[in-house]
């Protein structure tokens, strides 16, 4: 339920608008609402962190608006709550009016949803399922530089799940489309909410099966097999891609030791 802040409320403050997050001094604000001049704003609790409520305020601040990416190296739980806040703020901003009848909607009090009192339609936040996979060949791992990535970072392959497709089918299809290779021994590892803008990353590991590596230039700048001790620039810690790479490097090292 939303409430108007009196200034006495305390907790973590997620102030978001248009996929941006208020990060005064580069950090997520914490403490009394009055200390951050938030009295009078409309807020809604979206979770708890370290025993304190986490509040969402949907508004633009005059300065200090940044990206939730700046919180990647903080605790994973707090990063996920910040991502939830940014996604919810954008969801409510983009669902002010019903797509069926055009009437104004309001936020549900019991769940993350927008409701239309006119036609009774109910809308939920969009979540885009994505697969991401680390592929091993002996003591090597397949890494690629994506066209949308900056700074020369090399990472594992990933892509969106298509309609009517299983996760396993999506992994095999994405790998074949982007690298021209076939995989085997596919196994699920973990998942990570990824608020850029509203993805859910489902992570896998796999082994190389067959095919000659040939990258898709529309998706990748380059791709190659890298020995575990000769890796290029990698994604930052805290990302599911980095975890997949580190887990695969362990397997590559074990394979190398057994081969000696």
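Glycine is treated like the rest: Cβ placed from N, Cα and C.
Quick caveat, the model's predicted, so the values are computed rather than measured.
Sequence annotations record features per position, and here Swiss-Prot assigns substrate binding site to 25, 69, 111, 124, 192, 193, 194, 195, 196, 197, 198, 199, 241. The Cβ of residue 241 (substrate binding site) lies under 8 Å from the Cβ of 132, 155, 156, 158, 234, 235, each on the same chain and at least six residues away in sequence. Following the DSSP three-state reduction, the secondary structure of residue 241 (substrate binding site) is helix.
As annotated by Swiss-Prot, Zn(2+) binding site applies to 98, 101, 116, 119. With a cut-off of 8 Å between CB atoms and residues at least 6 apart in sequence, the same chain places 98, 100, 101, 103 near residue 119 (Zn(2+) binding site), listed in sequence order.
Annotation comment: Swiss-Prot describes 125-248 as domain 'Nudix hydrolase'. For the domain 'Nudix hydrolase' (125-248), the model's average pLDDT works out to 96.
The number of other CB atoms found within 10 A of the CB of residue 158 (divalent metal cation 1 binding site), across every protein chain shown, is 24. The secondary structure of residue 158 (divalent metal cation 1 binding site), as reduced to three states from DSSP, is extended strand. The divalent metal cation 1 binding site feature in Swiss-Prot is assigned to 158, 178, 219.
The annotation motif 'Nudix box' is assigned in Swiss-Prot to 159-180.
Positions annotated as divalent metal cation 2 binding site by Swiss-Prot, on the basis of sequence analysis: 174. Taking Cβ-Cβ distances under 8 Å and a sequence gap of 6 or more within the same chain, the neighbours of residue 174 (divalent metal cation 2 binding site) are 131, 133, 157, 158, 159.
The annotation divalent metal cation 3 binding site is assigned in Swiss-Prot to 174, 178, 219. Residue 219 (divalent metal cation 1 binding site) counts 18 other C-beta atoms within 10 Å of its own C-beta, drawing on all protein chains shown.
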**OP:** Could you tell me which of these binding-site residues, 194, 196, has the fewest other Cβ atoms within 10 Å of its Cβ?
**Re:** 196
Original post:
So how far apart do the substrate binders 25, 69, 111, 124, 192, 193, 194, 195, 196, 197, 198, 199, 241 get, largest Cα to Cα in Å?
Top reply: 33
**OP:** Name the secondary structure element type, per DSSP in three states, that contains residue 198 (substrate binding site).
**Re:** coil
Original post:
25, 198: which of these binding-site residues has the sparsest Cβ neighbourhood within 10 Å?
Top reply: 25
